[in-house]
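Data block below; observations after.
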Amino acid sequence: MGSKDETCFAISIIIIIIGLIFIAIVRVIYVVYRTSKPLRPKSPKPLSTLIVLGSGGHTAEMINVLSALQKDRFMPRFYVAAATDNMSLQKARVLEDLLADTNGGKVVSAKFMQIYRSREVGQSYITSIGTTLIAIAHALWLMIKIRPKVILCNGPGTCIPLCVIAFLFKVVGIRWSSVFYVESIARVKRLSLSGLLLYKLCIADQFYVQWPQLQRKYPRAIYVGCLM
Amino acid sequence: MSHRLPLCRVDRETHKAWLCQRLICEYNLCIKKMGEIEDSENRRMVFVTVGTTLFDALVRAVDTKEFKQELFRKGYTHLLIQMGRGFYTPTKSEAEDGSVAVDYFTFSSSIADHLRSASLVISHAGSGSIFETLRLGKPLIVVVNEDLMDNHQSELAEELAERKHLYCARPRTLHRTIADMDLASLLPYPAGDATPVAKLINRFLGFPDD
C-alpha cells in the first residue's frame, strides 16, 4: 500500500513537472511568435524607454536615432552605459539638456545609469564567462527597477544581458517590451556577436542593418540606410 | 588766453604725430595680416589621427623618409600627427626646402579644429573619425590596423573606398597610396538619415505617422 502511494505521488509529481515544462515551452514559442509582430494599441500612450549606449561610434549612431524620435512618445527615458565608459552618458546628458532648453526649461524625465560590462574589447572568451555572470545579476536588478516597454540598442555586448532578461520578462509575463536593435554602420559583411545573438535567438522585435549586403545575408533584418 | 594758442599748436602737432604713428602701425599690421593670409594659403597640412587607439604602425609609417618625400612632392607643407596611446614618438622638424614640417601631440580636445584646417586627413579605421572627416568634406585616407584581433573595422573602410568616398590603405602601402591618389576622383559623402528607423519604430509600436 505504502509503496503504491509513493509511486502514485512520484508519477503525479512527474506529470506536474512535465506539464509545467510543456506550458513553459508553449509560452516561449508564443513569445517568439509574437515578437516581431507589430503592436496594435487602441490609444497609443507614451512608452517608458530603455536606451543602451555602447561606446564611441555606437553612441553617436544611437544619438542620431534619438534625435529623429518623438520625445513625447518615448518617455520616461532611461540611459544605460558601461561602467568603464564615461563619455556616452555625458553625450546623452548633452542631448537631454538640449531638449530641456527647447522645451523652455521643462524638466524632462530622463535617468542615467551605469552597468557592468560582460566583455571588454579584447578580453578572452573564457574569462568573460565570470564577468558576464556579474553583468547579468546587475542587469537583472536594473531591469526589475525600470521594466521598460521599449528597448533601443545597437551593441556592443552591454545590451545582451538586458535584452535576454527582457525576453524572460515576456515569457514570465512581468512586462512585454519591444526590442529594437540597430546593427552598427561598421558592420558591412558580417553581424557583430551581439547582433548575431539577438538575430538568431529572435530576441529583437525589429533588427535593422545599415548595408544592403547584410540584409541579403540575414533576410529577417530590415535595411534602413546609413545613420551616419 | 595768451597761453592757449601755443598749447593748441602743440596739441595739433602731437595729434599729427599720433596719426602718423597710427597709420604706420596699421600699415604694418596690414602687411603682417597679408603675409599671414598668404602663409595660410600656402600652408597645406596633412593631419594624421589614431583617435584613442594604439597604432604605432601608422605613426611609424608616416615618420618614414619616403612618405614625407611623397607628401612634399604632392605639394603638402605640414604634417601633424596625433599619436594617441602610441609609444613610438616621431621626429619633429621645421619646414626646409625639400621637406615638410613635422609636429605631433598625443591627445587634444580640439581634434575637430585640426580636421578643419587640414588639406588631407589620414585616420585609423574607427567609424567616429571616418564620419567626422567625411562630414567636413575633407579628403581622407583610412589606414587599417592589421594588428587588431577582430578586425571588422576594415569592412567599413573598404566599403566606403569601393564607393569612392575615401582611400583605404595599410601602413606598409601608405606612401604608395599617396603617390597614386587622385583626390578629384573622390565623391562627397551624403549625410546619414535616421528618419527611416524612427518611422519604422513608430509604426511597429502603433504610433500614427505624422
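Please read every residue number as a count from 1 along the shown chain.
Each residue, glycine too, has its Cβ placed from N, Cα and C.
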Query: Given the ranges A:50-69, A:70-89, which one is assigned the annotation transmembrane segment in TrEMBL?
result: A:50-69
Message: Under 8 angstroms for C-beta pairs, at least 3 of them, ignoring pairs fewer than 6 apart in sequence. Is the transmembrane segment (A:125-144) in contact with the transmembrane segment (A:50-69) by that rule?
response: no
Message: Should anything in the same chain at least six residues away from the transmembrane segment (A:164-182) have a Cβ under 8 Å from its Cβ atoms, list it; otherwise answer none.
response: 24, 27-28, 31, 35, 39, 50, 61-62, 65, 136, 139-140, 143, 147-155, 195, 198-199, 201, 203-208, 210, 224, 227
Statement: Lying 6 or more residues past either end of the transmembrane segment (A:7-30) yet within Cβ distance under 8 Å of it, the residues of that chain are 171
